[in-house]
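Engineer: Dumping the structure here so I can ask a few things about it.
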Amino acid sequence: MLIIDIKGTEISQQEIEILSHPLVAGLILFSRNFVDKAQLTALIKEIRQKVTKPLLITIDQEGGRVQRFREGFTRLPAMQAFGQLAKHPQEAIIWAKQAGWLMAAEMFALDIDLSFAPVLDLGHKCKAIGDRSFGEKVTQILPIAEGFIDGMREIGMATTGKHFPGHGQVIADSHLETPFDERAKANIFNYDIQPFEYFIAKNKLSAIMPAHVVYTQCDPHPASGSTYWLQQVLRQQLQFKGIIFSDDLGMQGANLMGNFLQRSEQAINAGCDLLLLCNQPEGVIEVLNGLTYQPNKLEQQKYLTLKKRRTIDFQQLASSPRYQQTKQHLEQLHECWLEWQTTH
């Protein structure tokens, strides 16, 4: 089951037909699909009307540098800002919960089902992660990340922990190349995997997205295409029962798995329920034409558990005192974070 993208600010008849394909479960939106709030609202409404099946509409609206919609929306600080700028730990938790709540509320008000969040990678040295991470120490990030998760869950948005089992300790950016993490297995299990294990045990993750990283001391395949990581560790050892998304199979980090069809087959066989394939329209056609895997009815319905279960009116949301106060505070925090970065 694929989650794919569209080219621009309007949707073509061909894109409607592709989104209606039985093997397509959802759509991911990018900045290129956005002009302003009115255009975006109209686009999503048209897609909902013309694609008659339930479609999972998704986005990366984490905050900081990974925020697809900006003009007309709250500028959210990067996740590192909460722990770095807070005067005491409880303040960081409150800020994170505010951000999770507001982000989810704004997306629901657009009729977007979920944002792929939170990032549970540890550390800031990785080019792909950086200040997207809540922090470096497990004990530091758990309460802050939990605040963000609880804010999302208060609205009713499904949570997606990424990038399992941890992308933070490699320098390379998996958008551009396949990173290799050569640390001992014990290091990964005693450090990187801890946030995932913690939130799985508390039943606070609806979904998990594995990394396009090869952990050489554990398995020769990227985690996104690894039976070891997804079946043995995630499903059996950690007892995760939610949805597994692949990370974008169009990324260079997935090149080790072959062409787009081979990548998709490997990810499915490894245990992914839903596959992201972005910025590769020819690749999407290749996969839809070549994939022999046919999900059963139960598997086809599984992703519906991630859809939003409430309707929020943007005007009503924007007029509420809680929203106004939270928006003002988070945008001030965002500016403080930008200033902090210039001096450190």
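Yeah, the Cβs are placed from backbone N, Cα and C, and that goes for glycine too.
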Engineer: If I go by Swiss-Prot, which of ARG48, ARG132, ARG183, ARG235 binds substrate at the same site as ASP60, ARG68, LYS162, HIS163?
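Structural biologist: Record check against Swiss-Prot: substrate site with ASP60, ARG68, LYS162, HIS163, extra candidate from ARG48, ARG132, ARG183, ARG235 is ARG132.
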Engineer: According to DSSP, which of helix, strand or coil covers ASP173 (site 'Important for catalytic activity')?
Structural biologist: coil
Engineer: If you count, for each of the recorded positions ARG68, ARG132, LYS162, HIS163, HIS175, the other Cβ atoms lying within 10 Å of its Cβ, which residue has the minimum?
Structural biologist: HIS175
Engineer: May I ask for the distance between ASP173 (site 'Important for catalytic activity') and HIS163 (substrate binding site), taken between their Cα atoms and rounded to an integer number of Å?
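Structural biologist: Pair distance, Cα basis, whole Å: 12 Å.
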Engineer: In Å, rounded, how far does the Cα of HIS175 (active site, proton donor/acceptor) sit from the Cα of ASP247 (active site, nucleophile)?
Structural biologist: 10
Engineer: What are the sequence-distant neighbours of ASP247 (active site, nucleophile), meaning same chain, six or more residues apart, C-beta distance under 8 angstroms?
Structural biologist: LYS162, HIS163, SER174, MET209, PRO210, ALA211, HIS212, SER224, GLY253, ALA254, LEU276
Engineer: For substrate, with binders ASP60, ARG68, ARG132, LYS162, HIS163, what's the maximum Cα separation in whole Å?
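Structural biologist: Largest pairwise Cα separation, rounded: 19 Å.
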